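Asker: Got a structure for you, questions after.
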Protein chains: 2
Amino acid sequence: MTRVGVNGYGTIGKRVADAVAAQPDMELVGVTKTSPDYGAEAALRRGYDLYAALDDRVAAFEDAGLDLAGTLADLLDAVDVIVDCAPSGVGERNRPTYEAHDTPAIYQGGEDAAIADASFNARASAPIRNADSLRVVSCNTTALSRLLAPLDESYGVEKARVTLVRRGGDPSETNRGPINDVVPDPATVPSHHGPDVNTILGDVDVDTAALKAPVTGMHTHSVNVTLEAKPTTEEVRELLRGETRIFLIPEDAGIDGAGTLKDYASDLGRARGDLWENCVWEESIRVQGRDLYLFQNVHQEADVVPENVDAVRALAGDVSREESVARTNETLGVGIDSLLSDGGAPRDQVAADD
Amino acid sequence: MTRVGVNGYGTIGKRVADAVAAQPDMELVGVTKTSPDYGAEAALRRGYDLYAALDDRVAAFEDAGLDLAGTLADLLDAVDVIVDCAPSGVGERNRPTYEAHDTPAIYQGGEDAAIADASFNARASAPIRNADSLRVVSCNTTALSRLLAPLDESYGVEKARVTLVRRGGDPSETNRGPINDVVPDPATVPSHHGPDVNTILGDVDVDTAALKAPVTGMHTHSVNVTLEAKPTTEEVRELLRGETRIFLIPEDAGIDGAGTLKDYASDLGRARGDLWENCVWEESIRVQGRDLYLFQNVHQEADVVPENVDAVRALAGDVSREESVARTNETLGVGIDSLLSDGGAPRDQVAADD
């Protein structure tokens, strides 16, 4: 039984906490908050022990009437692994504290790769040995790694070129923009996302260009991969259909964007309408010569959550990667098998002239 | 046991179906869809019997691999009450079918009031006697009725003036607008919403002005009510706090808009992040002389759902209004009691000069 704490019960932290609490081989010891807000209240309602992330905030929780189990230092002394879900950059500030308590730590992808012994993705990163800290790569890097790993294994990736149309902020972030523009961000091309993929897949040549759009639901990737082999469109569809953390959106399901995708997730009974899988538009998958094209949507609040669970097991070191992924998928319900007929052969084989 | 069918398993229908299925005194016989899309698939995954809303669509479901239990006519013959959740105006087209099958029907607020024997709101409408059909008023009218009824009972409403800043479309509706404007809709003032409130509260004088904004989460109402009495701000806050279908958003909870409100609903464990309650910003409630002001948010996908459940019981006619509301609230979990301290006296009494 691995005892786990979550430092930072925000967008990612609350989801990681729920996912950890659902694992039979893990115990969620507690979560931290900096402020006694609605999220802190919700943690208590869920029965999670609440710790003050900062010592000087204890009185604020008391004033608000929310009971604390202690402070971050108490939590660190009680756990085998701490999952840092603080905002980008705050993980770096937290690192000396974790090290002073000799507590193995998992960081998020907003931190520099140098923060941890290794960067992590359950599908694609190299085996982890003797690490005291891991960094789960960002939502975008996670999605790209899941996609490029099977393509590289099966066909060889000569070069990947990806445009990331990123959401401006999360649904709960009213202080983010843009509200009416599409902003090159960064305007320098290629963006940092390609090199970040290389912290997972060292040998894959990938360039990325990143934009921000006035949406909060999901990121959208427009992907081109020049392959070394020449598979058919249907072969690529079948390859990706076989990946448990990739969901091929059926062509005639009536799912046309992030809104309907998340509505479908709620229809499936998923808490928070979360989509842990890369969501690839089935009809967008198309091979022309050696060039593969596709669109995929990425739920920025959710796709790293199963990866964090697997990262905890990678640090604890007592089960294989495959066994961990299977357990995580089973307990959370990762993977969607649509009941809708797949429509048979792809359209380019049925009506090549249309 | 009242046997219930839902005709139209869309935004409202899927929620009404779940709510009916949760009632110990009701049986959800089945739901209809016009197309074999992701929603139809989701209904089957939930174990709901699926019926074709239109006879000529049966083959489409078969082609998609989705099993049908029959058509609308079969469903109508098997239920005691049909809840029409078709798009606005389609309910009127469906009415002759329901009447031909002699099936009591509940319609939604997008239909004209004349469609049914009476319009319905569980908190505010007149007692229902010998009705064969009811119309649950729209999300906005429901919210206004819930708010104005207790104010009129306690203080007398001399005149209410409300600006409705309505969401442009639901999260799953990518074909709606505006995307970058605030549109008077209708530009004629007062709008039809005020008269619609009078189908519930016949004697309350209320004028409404309606806009559409580029948001999908919730409607926002800016409310002014000139009262006949002069309660204090705190008395009004206490009055509204006592209404089970009104949630007073605590002042320091960090909830600042529809995004955080729905995030909080998900934190509470609510499927789909649904908010069945009027969400009134506690610090917005202010009495100046006899003028009351407040902001409230209304989840257009959700607030009519408990009302539909109570409307089924009103048609079935075997329990009192109060008993029905209590059962519905208990089974669904309607009503939010925040754990956060309420902060004591309102700010206008603590620091009148600020």
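First residue shown is number 1, and so on along the chain.
Every residue, even glycine, has its Cβ placed from backbone N, Cα and C.
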Asker: A:T11, A:I12, A:G110, A:R167 show up in TrEMBL as binding NAD(+); which entry in A:Q296, A:Q300 does that record put in the same site?
Answerer: A:Q300
Asker: So how many of the residues in the domain 'Glyceraldehyde 3-phosphate dehydrogenase NAD(P) binding' (A:2-139) end up helix, strand or coil by DSSP?
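Answerer: Taking the domain 'Glyceraldehyde 3-phosphate dehydrogenase NAD(P) binding' (A:2-139) as a whole: 51 helix, 33 strand, 54 coil.
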Asker: What's the CA to CA span in angstrom from A:G194 (D-glyceraldehyde 3-phosphate binding site) over to A:T11 (NAD(+) binding site)?
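Answerer: About 25 Å separate the Cα atoms of these two residues.
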Asker: List, in sequence order, those binding-site residues among A:T11, A:I12, A:R167 whose Cα sits within 10 Å of the Cα of A:S138 (D-glyceraldehyde 3-phosphate binding site).
Answerer: none
Asker: Round to a whole number and give the Cα-to-Cα distance in Å for the pair A:N140 (D-glyceraldehyde 3-phosphate binding site) and A:Q300 (NAD(+) binding site).
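Answerer: Spelling it out, the Cα of A:N140 (D-glyceraldehyde 3-phosphate binding site) and the Cα of A:Q300 (NAD(+) binding site) are 7 Å apart.
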Asker: Once A:T11, A:I12, A:G110, A:R167, A:Q300 are set aside, which residues in the chain still have Cβ within 8 Å of the Cβ centroid of the NAD(+) site?
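Answerer: Residues close to the NAD(+) site, other than A:T11, A:I12, A:G110, A:R167, A:Q300: A:C139, A:D170, A:E301.
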Asker: Cβ-Cβ under 8 Å from A:H193 (D-glyceraldehyde 3-phosphate binding site), same chain, 6 or more residues apart: which ones?
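Answerer: Same-chain residues close to A:H193 (D-glyceraldehyde 3-phosphate binding site) (Cβ under 8 Å, separated by 6 or more) are A:S138, A:N140, A:T141, A:L144, A:V162, A:L164, A:T208, A:A210.
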Asker: What does the structure give for the C-alpha distance between A:R167 (NAD(+) binding site) and A:C139 (active site, nucleophile)? Integer Å is fine.
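Answerer: The Cα atom of A:R167 (NAD(+) binding site) is 11 Å away from the Cα atom of A:C139 (active site, nucleophile).
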Asker: Have a look around A:N140 (D-glyceraldehyde 3-phosphate binding site) and count the other CB atoms within 10 A of its CB, chains all included.
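Answerer: A:N140 (D-glyceraldehyde 3-phosphate binding site): 24 neighbouring Cβ atoms within 10 Å.
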